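**Q** Let me begin by handing over the structure; questions about it come next.
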Ligand SMILES: Cc1cc2nc3c(=O)[nH]c(=O)nc-3n(C[C@H](O)[C@H](O)[C@H](O)COP(=O)(O)OP(=O)(O)OC[C@H]3O[C@@H](n4cnc5c(N)ncnc54)[C@H](O)[C@@H]3O)c2cc1C
């Protein structure tokens, strides 16, 4: 048995374990030490923690994964010393551990420049979950003590801009301070940097360039930054993101060869100056460089594993691709290959449009045949393809400008994605090639995008390659003759969203109009009919009575069909608030018609066992007692569950019941792609379980936190934070927009959770659409919702008052008799249908 | 239950001995169905207006033996007129009675004729 010890359970240390497990070898024990309190997590997506504060979601693998794979994971323990000669390491509890091979994967720490006052309260770095927890708590504190708090970020690089967006989302005014005269100095040229600056400023991020910080102002707590004598920026918080320094102290103390400016030197086998000690990730100095990106670190992990297993021919490439695409900040920025081109080495083609915050530059070889690199700001949709053309040295058009010009000007000639060579590395984080992706489909291992992702892990790292993985999946399916369509069914070559626009634009009012004008010549079916019925309801505020033969089973009879063909009846009880008189009325009606009675999961009262003929009779009585349809049968708003809130509760921060009732009454009756549930909790104890709902509100100091996209059911999912500390009116405004946007764009029978999960651009995009109105549709969404709200009509009241509509509630057309097939048996003092045979 | 199912047998137009006058055409929804009582039978009748045709079949879904087919949605599958059971969306050809999306036993279908605004269903008993 040989002992391998890994120091550092970060992204790269974890990747070493994963690659080691995948190699399926025996004869080794593997132990990994991590100083942080939890197993390795996805640092690249650290900013996602601001959205939901969910650390588990970021885990690379749960602690149980290590156990299952016989890896000894020791967290919360720092290695303090290495003895190369004895081949031992000492941990912080002074325990010694022997190794045969030692892997240093200690990563890096943020570089904190020696500025006077950096130790003051309110100054943060941005590297670990604990850093973020500190920032979140501090930002909350600022928001509580003053209305327009500010936060500064020191460093206008990749990370600094991400931090800028994060503090903006926390409700603070962001100020990015950069020493260089341009943003992202390592990746962008001066012009693109200017375009980016304009765009960021238009989003509300303030940019301060060419600023050297002399000192941090304030007594104990930061109050500002001083650049020059009269040059001061007031700020309540500072996040330092001024680069990284390798955590090389162990290498230094045990005498490994170090770089002049730090980092532990390694060869192309990832070996340090001691052949039994390897270094990988951000601590490793390879080719005199520290690579601050995760993909090269993963490659290093792969090389180290192979070397230890004796595959000494597998070494690190000499050229490391440093291409990057900025994520999460609401503006596309990418740079690849050689972004700046000395004039004697190549030629540049530049396209700039400041009015649209667009900049694209490509650099080609002097003979115009090869793509050498480029920069894109404002629109990086073609980044993956250009990056691949560059990486694989593929041929480019005779006029290379066509690669970046808009299609309308003869551009858009990127070539076919299937022309990429099989070896082309599509996902650099997980090292997945085009060939591997296509292969999973060709062999039948996967049949769709989700399958490809789970087979290959492509797209699970930084996520930058996702669009390309999707395109490759679709192109491969197509090449196999498998059509990828999301047509709603065989009768229409359109998806739900397309039909939505058609109906809205053309103003169709009946199913036949839509089918005759846009169908495939068939006669519809149980799939397209309810979809179109729902669209008509959303667009024209129709009730299900209008064209009842195209309604789904339940909508057709305005009740939930149960397993023996009888129905259940659920009147609306908004927010779960009900008077004793109404409770008595429900009881009496249930008794009169001998209905099985139960409280539902949505805290209303459900009466089961009504025959078709009884439905209108029961409803007439319910309506006379002031009830209305609860739409329990529809793909529409069900309930808004509430806790009792500040009306009674000694912890309540706001009136959750009142607001719940208001919301339930506002959205009652609207038809959506699937059912919608809401919840309102009066404080963070969350008794209404609002985060398990499609929309949920939690009262906090200063307003409501609004969460969206939660779900119970088979795939439970917590709703995600859309906005914080907003007032009732703003809640309604955002909810109107959110629900309407969902109703417009979701697939049939897609709950908000699934819709939101698949939304390109994720939560960040959703916020842009709903809060910042990036698409310029917010006013339309609100107006459409308001129309639905204004036109609401209880469809049961409508039905019982209309003899023509009442005709359908008869089991027989030619007899008043009821279904004679029904058999009930007694159960716990009530009744139930006889078991199915 | 078996006897229950066996009450319904496919009836070809040539086998009809009784034309039962069920109801006025106006009692049936367009492109939808309703249920007709004939002796101790329940028959689902569909006015497939888009095809300008009427269909009849047993109201009993052979899947869970509930009297529900008349409440199902109709449409076509690759040109074959069909009904979808409202309980679990099992679909049946309205012409042959065959289960189109599974291997349930076929449902019994019956001939329908329209005379003077009335719907007649053909039975052999
Ligand atoms: C906010 C943010 C966004 C980023 N975005 C991107 C991006 O978009 N694309 C990209 O490619 N990269 C990005 N990065 C960089 C990426 O996260 C790093 O390249 C990657 O995490 C490096 O992995 P590592 O394992 O070398 O270091 P780390 O992930 O830092 O792991 C090192 C671990 O070792 C532990 N450790 C150190 N010393 C010891 C010791 N003596 N004993 C025990 N444990 C020890 C540390 O506590 C740490 O947990 C981002 C980083 C941040 C912070």
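From the backbone N, Cα and C atoms, a Cβ is placed for every residue, glycine too.
Those TrEMBL annotations? Automatic predictions, nothing curated.
What you see is a predicted model, and the numbers here were worked out from it, not measured in a lab.
The domain 'FAD/NAD(P)-binding' annotation in TrEMBL covers A:3-307. According to TrEMBL, the feature domain 'NADH-rubredoxin oxidoreductase C-terminal' maps to A:323-386. The domain 'BFD-like [2Fe-2S]-binding' annotation in TrEMBL covers A:426-472. The annotation domain 'Nitrite/Sulfite reductase ferredoxin-like' is assigned in TrEMBL to A:562-623. The domain 'Nitrite/sulphite reductase 4Fe-4S' annotation in TrEMBL covers A:634-773. Sequence annotations record features per position, and here TrEMBL assigns [4Fe-4S] cluster binding site to A:643, A:649, A:683, A:687. Taken from TrEMBL, the feature siroheme binding site covers A:687.
Context for these features, please: burial, neighbours, distances.
**A** Taking the domain 'FAD/NAD(P)-binding' (A:3-307) as a whole, pLDDT averages 94 in the prediction.
Neighbour density for residue A:649 ([4Fe-4S] cluster binding site): within 10 A of its CB lie 16 other CB atoms from the protein chains shown.
Around the Cβ of residue A:687 ([4Fe-4S] cluster binding site), a 10 Å sphere holds 18 further Cβ atoms from the protein chains shown. DSSP classifies residue A:687 ([4Fe-4S] cluster binding site) as coil under the three-state reduction.
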**Q** So around the [4Fe-4S] cluster site, A:643, A:649, A:683, A:687 aside, which residues have their CB within 8 A of the centroid of those CB atoms?
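**A** Nearby residues not in the site list: A:644, A:645, A:651, A:652, A:656, A:681, A:682, A:685, A:686, A:688.
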**Q** Which has the fewest other Cβ atoms within 10 Å: A:643, A:683, the binding-site residues listed?
**A** A:683
**Q** As a quick check of your reading of DSSP, tell me how many residues in the domain 'NADH-rubredoxin oxidoreductase C-terminal' (A:323-386) are helical, how many are strand and how many are coil.
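**A** Looking at the domain 'NADH-rubredoxin oxidoreductase C-terminal' (A:323-386) with DSSP, the answer is 7 helix, 30 strand, 27 coil.
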**Q** Reported in the order helix, strand, coil, what are the DSSP residue counts of the domain 'Nitrite/sulphite reductase 4Fe-4S' (A:634-773)?
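**A** Secondary-structure composition of the domain 'Nitrite/sulphite reductase 4Fe-4S' (A:634-773): 52 helix, 35 strand, 53 coil.
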**Q** Using a Cβ distance cut-off of under 8 Å, indicate which of A:323-386, A:426-472, A:562-623 has the most pairs with the domain 'Nitrite/sulphite reductase 4Fe-4S' (A:634-773).
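**A** If we count Cβ pairs closer than 8 Å to the domain 'Nitrite/sulphite reductase 4Fe-4S' (A:634-773), A:562-623 scores highest.
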